[in-house]
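Trainee: Relevant sequence annotations retrieved from TrEMBL are reproduced here:
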REGION    1-57  region 'Disordered'
COMPBIAS  1-11  compositional bias 'Basic and acidic residues'
REPEAT    95-127  repeat 'ANK'
REPEAT    128-160  repeat 'ANK'
REPEAT    161-193  repeat 'ANK'
REPEAT    194-226  repeat 'ANK'
REPEAT    227-259  repeat 'ANK'
REPEAT    260-292  repeat 'ANK'
Amino acid sequence: MADPSDRRPTNTEKGMPAEISDPTSQLYLHLPSAAWPDEVPNSPRSASHTKACDNPWSVQNYNQTNVAQTARLDDRMVVGLVHGKEFHDPGRDKGEARTLHEAAKDGLVEVVNQLLKNGADVTSRDDDGWAPINLAAGKGHEAVARLLVEKGAALEAKDNDGNTPLSRVAINGHEAVAKLLVEKGANLEAEDEDGYTPLSLAAVNGHEAVARLLVEKGANLEAKDEDGYTPLSLAAYKGHKAMAILLIEKGADLEAKDEDGYTPLSLAAFNGHKAVARLLVEKGARKGWRDRFWLSILTL
């Protein structure tokens, strides 16, 4: 059995470029890069779920300069769309930037509506596998997401990382959009390429409101990813006390073990999350010999 003390996460730059062309000005939008942790054992596996603070769609990490300078559709095009003028939609041509994608990402509901009326494909994908619904959901644009769903967007559309719209919502903590997608029948147990469910993603990112919604709607508390992490394991590893309290109150298994035999208590203690470790002990988590060693270091 591997000793987690030998495991140290490292960071590498892993960009997520996407070029989006304005059909009027031909101005290109370059989405910002983000630092993604390397895959390491005994930690959330990869970019598709280590997204708490590193994902480029989170509000705090989105490059505000890029937004101000390049993210908006050309004013002339927007006016034309709102007033029903016809124009060529490059989203229907392979290799062209997708106007519908940009409008969905920016939350421009009237523009999205007019694009759809003009024949834009609601199921179209960009090079990263993002459909308009994934973009709208990931950015928390409820009105756009609702419109796209009503116009036939696939609730289970997966991007290249295996994330559905609900997964993206769970990553970023957009409760209103989560409610919408769940009400429309989104799969609560959809797994990304590393086995993370929406509840797992909400747990690792500390989004308590979204996690509560998912649990109350029947999400599996003991769903395991490819490394054997449950949502409680992830909350413990990341030190999210409020999330751990919620999951424990809902009946999460305190003794769930990952592939190396580590429990939530082991993960909390090893990573120095004193408050979570104390909570687990108070709730009755059993202490193995490794746990006792790490807890002694935390002076618990």
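Using N, Cα and C of the backbone, Cβ positions are placed for all residues, glycine too.
Keep in mind that TrEMBL annotations are predicted by a computer and have not been checked by a curator.
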Trainee: Just give the helix, strand and coil counts over the repeat 'ANK' (194-226), going by DSSP.
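Mentor: The repeat 'ANK' (194-226) comes out at 17 helix, 0 strand, 16 coil.
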Trainee: Which whole number is the mean pLDDT over the repeat 'ANK' (260-292)?
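Mentor: Mean model confidence (pLDDT) across the repeat 'ANK' (260-292) is 90.
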Trainee: Near the repeat 'ANK' (161-193), which same-chain residues lie under 8 Å Cβ to Cβ, leaving out any that are not at least 6 residues past its ends?
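Mentor: Sequence-distant neighbours of the repeat 'ANK' (161-193): 47-49, 51, 55, 57-59, 129, 133-134, 136-142, 145-146, 149, 153, 155, 199, 201-202, 205-207, 209-211, 213-214, 217-220, 223, 225.
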